[in-house]
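Quick look at what TrEMBL annotates:
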- 21-139: domain 'Acyl-coenzyme A oxidase N-terminal' (DOMAIN)
- Thr145, Gly184: FAD binding site (BINDING)
- 281-442: domain 'Acyl-CoA oxidase C-alpha1' (DOMAIN)
- Glu427: active site, proton acceptor (ACT_SITE)
- 476-655: domain 'Acyl-CoA oxidase C-terminal' (DOMAIN)
Amino acid sequence: MASATVNPDLQKERQRATFDADQLTYFLYDGPANTRRKRYLQNLAVQETEKYKFRPIATLSQEQQYEQALMRSFISGQLEDRLELKNAKELSFLREAVAPQVAVPYGLHMSMFMNTLETQSTEEQKARWLPLAKSFRMIGTYAQTEMGHGTFLRGLETTATYDAKTKEFVVNSPTITSIKFWPGGLGKTANCCIVMARLITRGHDYGMHPFLVQIRDLDTHQPLPGITVGDIGAKFGFNSNDNGFLRLDNVRIPRDNMLMRYSQVLEDGTYVKPKNDRLTYGTMTLIRSNIVGGAARSLSMAVTIAVRYSAVRRQSEIQPGAGEVQVLDFQTQQMKLLPLVATAYALTIASRNMAAFYLRVRQQIEQGTLEELPQLHALSAGLKALSSWQATEGIEACRLACGGHGYSHASGLPKLYGTGTPLVTYEGENTVMMLQTARYLVKCHGALQQGQKLPSLMKYLEQPPGGSSGLDPRLDLSDLVTAYQHRAARMVSDVSAKLMSAASQGQKPYAAWNSNSVELVEAATAHSEAYVVKSFVETVSTFSGKLCSVMETLCRLYAVRGILKSLGEFMQDGYINSQQAKMLRSCLADLLAEVRPNAVALVDAFDFPDAVLDSALGRWDGQVYQALYDYAVNSKLNEKQVLDTYHKYQRPFMESQWKKNTTVAVPARL
Ligand SMILES: CCCCCCCC(=O)SCCNC(=O)CCNC(=O)[C@H](O)C(C)(C)COP(=O)(O)OP(=O)(O)OC[C@H]1O[C@@H](n2cnc3c(N)ncnc32)[C@H](O)[C@@H]1OP(=O)(O)O
Ligand SMILES: Cc1cc2nc3c(=O)[nH]c(=O)nc-3n(C[C@H](O)[C@H](O)[C@H](O)COP(=O)(O)OP(=O)(O)OC[C@H]3O[C@@H](n4cnc5c(N)ncnc54)[C@H](O)[C@@H]3O)c2cc1C
């Protein structure tokens, strides 16, 4: 539906903004020129995709969803070739607009498979495989998780046993629980995969290593002998992706199909150790750091939908008789949505810093320096978990904040939730990731006790315990950062003390760890939140003028809301006192009121085209009712006035009921 007019409430919202939303858009997309380029690419993608008149994905069967996703990738491929796109960011904008929130079957090929080949293969292997993978002759996936194990990688059962006589590995799934399960694109799309299997040579088990295994004929696409492969069936969401299962029955692959950049098996079966055996986990670290940005983007879409709709939706009165208000004027609605707008920006900024840190450490690793690897692992694991939890909860809160219409697929919010919520589970289940971060924090605390210096991101743990916060109604940003760091340092210190005390009482470390794991997760969450707040504060301090003051307010809102949510943790050692808690509560109300006039401009700045939001409620022009009505009218059930099922089941049912009471007189009209 094309609408010439913009809803007047939305128009007013845009006029009353106190800053220029374009300036914020330029920050998000790295300047005016890149923003123009992004808009150009996304407009082109939308125009091209509209020609296909795709039906809403939620109305399709699993097979139709899969087909539509492949068609969308086909369209994207054509455009990418026509425009000769190479730049990763430009490709991601184009693909986002061609397949908005559609889990495409090539996703794993383009991310984990390619990355594993690039980072874990030798130069010779790269020369052999990368041209095939880049030209989609090889379509791969990353097959690590098995039915029985996803988290505990040392428990994987798939084996790759070296046969020195034939110079081959024999890859085998010995049990039902060893069947590879879940890999994206594995079921029907991929013709090969990186199989993560336990390497056995000369009778010794060296644990998980990557192997390239061809699973389908490159021409006929039929599964090869020894391979049983298929789709795992309908899921909570993600149904356009053929997540698959794979059973390997003593499949033989050449020795040099083991990815040998870090560890090798020589022809005679000798195993050569890597410099650090955690380098095999490198692809997971990359994707975890990417997930932070993905989570931020999904939440940004959800808040754009919910805030625009809340500006358009008028329901109930505040002042009796004065007319119905925009629901965004209710303080409770502001409380639901505005901290989430702040969260979307906080996570977006944290993800940029995370990506920069990843690149820096990756470059060091390429040069053989592994010093910062533990820090990178701890940060990426913690931020992956924090961002995906906050985004998933936030998307659902946005749906609830849209009332009844939020429940319709027309809102776009169920689709966002369906593709967003697996982020909590895949690439490392969140609780498990937080425990990895906690493990590092406890180690750092131990190092500190022994007088060692801590690495850059952990320096704040060095601050002395105790003290009290200087927070006052001015809400100085540095006081907020210090409060978050103090709380995290205190929690790390408390839980470390508990672990040490358990040890001194003779409790085994593993038992002490488990019986304190709730607190460990809380400490890791506090650490990750401190990083996000610090990143937010440091970044807004680089802004100037009106934009700076708007973003500082947003930053305060994020930080204050977070403190009030976990108030006990900030007050436990008296760092924040009850007067300050009271003060923060009233500051929160003030901050909501301060952000309110800029709410629409803040979400407009994300610059999502309507087709990317794919939402009747989040439209830029605010013509939500017409769009909802069009969506309803186009429901498949409305294609015929009287359906065949009326004659097949409804009428016979009604007649069977009539027979029970034949005395009722039925008029021609009611
Ligand atoms: C478009 C993209 C879509 C993506 C779709 C999703 C794809 C997927 O889901 S692929 C499958 C992802 N699977 C996972 O993430 C599995 C999660 N599990 C793991 O990562 C690990 O098994 C884990 C970390 C939980 C435990 O591993 P384990 O080897 O038992 O470690 P553990 O004994 O706890 O620690 C060993 C050491 O390794 C370190 N370590 C663990 N992981 C890493 C890592 N990634 N990098 C560096 N160091 C690491 C630990 O910090 C620890 O160090 P230290 O001994 O110095 O303290
Ligand atoms: C949509 C989707 C796509 C996926 N794509 C891929 C893919 O492409 N390739 C691939 O290999 N895998 C893929 N996976 C699998 C995914 O990586 C795993 O599901 C994930 O790593 C979690 O492992 P799990 O399923 O074994 O969970 P489990 O570990 O069984 O988790 C169950 C519960 O146990 C808890 N738990 C487990 N261990 C611990 C512990 N040590 N301490 C405390 N609590 C613990 C968890 O917190 C959780 O609450 C995908 C999954 C999904 C949903």
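One-based numbering along the chain as shown.
Each residue, glycine too, has its Cβ placed from N, Cα and C.
Secondary structure at Glu427 (active site, proton acceptor), taken from DSSP and collapsed to helix, strand or coil, is coil. For the pair Thr145 (FAD binding site) and Glu427 (active site, proton acceptor), the Cα-Cα distance reads 10 Å. Long-range Cβ contacts of Glu427 (active site, proton acceptor) within its own chain (separation 6+, distance under 8 Å): Met284, Ile287, Arg288, Ile291, Lys384. Neighbour count (other Cβ atoms within 10 Å of the Cβ, all protein chains): 26 for Gly184 (FAD binding site). A 10 Å cutoff on Cβ-Cβ distances gives Thr145 (FAD binding site) a total of 18 other Cβ atoms nearby, all chains included. DSSP states for the domain 'Acyl-coenzyme A oxidase N-terminal' (21-139), grouped as helix (H, G, I), strand (E, B) and coil, give 89 helix, 0 strand, 30 coil. The average pLDDT computed over the domain 'Acyl-CoA oxidase C-alpha1' (281-442) stands at 96.
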